[in-house]
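Remarks on the structure that follows.
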Amino acid sequence: MTNMMKALVKTKPEVGLWMERVPVPEVGPNDVLIRVKKSAICGTDVHIWNWDQWAQKTIPVPMVVGHEFMGEIAEVGSAVTKHHVGERVSGEGHIVCGKCRNCRAGRGHLCRNTLGVGVNRPGSFAEFVCLPEYNVVTIPDDVPDEIAAIFDPFGNAVHTALSFDLVGEDVLVTGAGPIGIMGALVAKRSGARKVVITDINPVRLDLARKLGIDHVVDASKENLADVMRSIGMTEGFDVGLEMSGAAPAFRDMIDKMNNGGKIAILGIAPAGFEIDWNKVIFKMLNLKGIYGREMFETWYKMIAFVQGGLDLAPVITHRIGIDAFRDGFEAMRSGNSGKVVMDWI
């Protein structure tokens with residue numbers, strides 16, 4: 001195996017990413033080297049491409065980016081015992097310390113020392129990515145490669161949707177991006193009664209309809225209260241999944257929640273936006289922030305959803321070779337795509 005590889009690198013502090021030749025990561029005793037077969041573009045990667053304020057504060061340059069992927073193990077460290085060369089795998093993109101209180105209590109997703117693959121350390125937009133053995137997840141044979149490549153965002157959807165009991169509940173999802181759509185599908189499959197998803201992007205609303213979500217609402221043209229009446233809802237929503245990061249959508253969600261309702265918040269909202277806290281208080285709402293995936297309960301659940309017949313393939317709207325990465329980023333930046341999966345092989 002050569003000691004150099006192709007990778008998408010943030011080589012300069014400006015808009016864009018560049019295909020470069022960089023050294024293959026060195027494998028430590030507890031590490032696993034993975035030959036990447038497919039990788040997907042995340043919203044985080046778009047922030048890095050755009051070199052916005054968050055990226056400028058967060059991303060060291062140069063940096064190999066990307067964290068949504070699947071591949072095959074190419075090499076294992078001398079102390080690795082649970083994985084072997086040739087195994088199909090994906091990986092948890094949050095590297096946790098294992099030493100803090102939350103890690104020691106089995107709550108690694110709450111680690112205050114988390115490092116992000118493709119953010120704080122070299123990522124998976126490359127021919128090879130190196131992860132600690134702890135972070136590597138075996139992919140069963142009945143899970144397709146391209147679906148395994150989007151397990152990171154699917155995990156965000158599963159973690160958010162399953163934060164609260166959904167059986168018999170009416171669920172509102174704000175934001176029909178890929179994660180919002182997958183969250184709505186999980187809610188529907190987990191026993192929710194009514195599942196309503198809102199957005200203002202016609203392409204994403206059409207994608208939500210294509211995937212079989214029953215109640216798809218264009219918030220720019222339809223009044224949510226009217227929709228609720230038309231589908232027989234006499235009270236507010238029991239569970240809210242905020243996936244949009246849009247202040248108007250979040251405010252509308254709070255307004256439409258039933259007393260005692262529960263909201264899981266994944267969408268990253270603009271700093272300092274206002275909500276009516278009196279409604280939160282007098283409705284006795286429960287608000288819960290969501291970041292990443294539970295380690296590794298979320299991974300087991302999302303594998304089970306796929307093995308149980310949940311078809312996520314339509315969420316992937318663009319399948320391209322890695323040399324066309326600019327086209328993939330253009331699709332993501334336009335807002336008129338679902339998931340974009342890039343083939344490295």
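We count from 1, first residue shown onward.
Note: Cβ is positioned from N, Cα and C throughout, glycine not excepted.
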Out of I179, I254, I303, which does Swiss-Prot tie to the same NAD(+) site as D199, R204, L266, G267, I268, I290, Y291?
I179
Least Cβ-crowded entry, counting other Cβ within 10 Å, from the binding-site residues listed as E68, D199:
D199
List the Cα distance (Å, whole number) between C103 (Zn(2+) 2 binding site) and T44 (active site, charge relay system).
24
Measure from the Cβ of G267 (NAD(+) binding site) and count the other Cβ atoms within 10 Å, all protein chains considered.
20
Using C-alpha atoms, which one of the binding-site residues I179, D199, R204, L266, G267 comes nearest to C42 (Zn(2+) 1 binding site)?
I179
When you measure from the Cβ of C97 (Zn(2+) 2 binding site), how many other Cβ atoms are you left with inside 10 Å?
14
Proximal but sequence-remote residues of the same chain as C100 (Zn(2+) 2 binding site) (Cβ under 8 Å, at least 6 apart):
C111, R112, N113
Fill in the CA-CA distance, E68 (Zn(2+) 1 binding site) to I268 (NAD(+) binding site), as an integer in Å.
19
